[in-house]
Amino acid sequence: GLPGRKGPVGDAGPPGQLGVTGPQGAPGFPGVTIPGQKGDRGPPGSRGNPGMPGPPGPPGSPVEGIKGDKGLMGEPGQRGPPGAIGDMGSPGHPGAPGVPGQPGARGDPGFYGFPGMKGKKGNSGFPGPPGPPGQSGPKGPPGVRGEPGTVKIISLPGSPGPPGSAGEPGMQGEPGPPGPPGDPGPCGPKGKPGEDGPPGTPGPTGEKGNKGCKGEQGPPGSDGLPGLKGKPGDTGPPAAGAVMRGFVFTRHSQTTAIPSCPEGTEPLYSGFSLLFVQGNEQAHGQDLGTLGSCLQRFTTMPFLFCNINDVCNFASRNDYSYWLSTPAMIPMDMAPITGRALEPYISRCTVCEGPAIAIAVHSQTTDIPPCPAGWISLWKGFSFIMFTSAGSEGAGQALASPGSCLEEFRASPFIECHGRGTCNYYSNSYSFWLASLDPKRMFRKPIPSTVKAGELENIISRCQVCMKMRP
């Protein structure tokens, strides 16, 4: 018969045994490129080798910084070896000759000299007049009668002859011994002071400090409340009868009290004690004995600077001003002082007018020197000569000026102020004073020494300000 229809598919048989690996097939057609999804972040790699140094960066902007706050005091350094003996300075110019003194009083007469040698015999003089008749002799025996004689005429004696000529003068006698010395004549007037000696060799220039960053200007503070009315002052001295002659000097109290003028002088005005200023890294000092050191207004930056472009700038640079200070204690945290808190730290001063010039006399010992004859004392103090601060800049004080004789001694007699409105004491501020000297050790090598607080006044020279008395 015919073949039957195809039957249904049977069940799958059991898997066969693994066949032998067939030959490698021909390469297939390239597949379609489909971007896959981003894989997960891999683990961090190991540290790579250091790269080559990059090129130098551009220069920074030239911004001047402000001075940092005062740091803590360092440990005292070891004592250095003694310095070598310095060269002897050149002698000063000779002073002008003094005015000749008045002639002394006449001395007592000297002793008589020895008698001179016997003179030569003089010429014979004319015969002198006859002498008086002699006494009668004894009566002789009678003579023999003579012959009659002639009449004899007896004439009268003639007049005396002229005196004989004077004999030749005798030889000069030996000089007598010198008479006793005469009384000393009165002292001549005081000679003029000699010319100033040549200036000393300048000291080494200090290293320039780093400029700090300029701080942002803070907002102006609000005005404080007005202070209470002060008590009335003491009654001043009576006015002098004489007319003032225009001799002006300044007196500094080194406290917050306004000083009074000495007796016999009159006040012109009062103010605040300016010592020196520093601008563009250059310092200029004021003579404390003149009225320029007594400003009637106080500010931490009393000056401004202008350029050739007709532009002026105020309180916008790293400039300084320095003022005589008071004994007020600085804050424990050494923070800069600003605003109304500055008032207790600034010394007051008074400008006075006197009838004559005022000078300072320095003893260079711990004894107060006397005023010259004909001068009166105005005040006594300590011999102040020089001061330096930021950038080793500073100024000196004329020793003839009343400003070189401060009535109070302090190792830090001035305070530093800045244009940003703050003031403080800093470790690079130094004061220089005349030392007390032993007259027996002149022209000898000074003995190095270090004197601590409590004994400082024992090595500082004393001084006195004197004024010429009115005639």
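Heads up, the Cβ atoms here are built off N, Cα and C, so glycines get one too.
What you are looking at is a predicted structure, and each value in this text was computed from that prediction instead of being measured.
When Pro50, Pro130, Pro232 are looked up in Swiss-Prot, the one carrying the note hydroxyproline is Pro232; the rest have no such note there, which does not rule it out for them. Candidates considered were Cys349, Cys352, Cys371, Cys463; the recorded disulfide partner of Cys405 in Swiss-Prot is Cys463. When Pro109, Pro238, Pro372, Pro413 are compared with the annotations in Swiss-Prot, the one labelled hydroxyproline turns out to be Pro238. Per Swiss-Prot, Cys349 makes its disulfide bond with Cys294 among Cys294, Cys306, Cys417, Cys423. Of all the Cβ atoms in the protein chains shown, 6 others lie within 10 Å of the Cβ of Pro232 (hydroxyproline).
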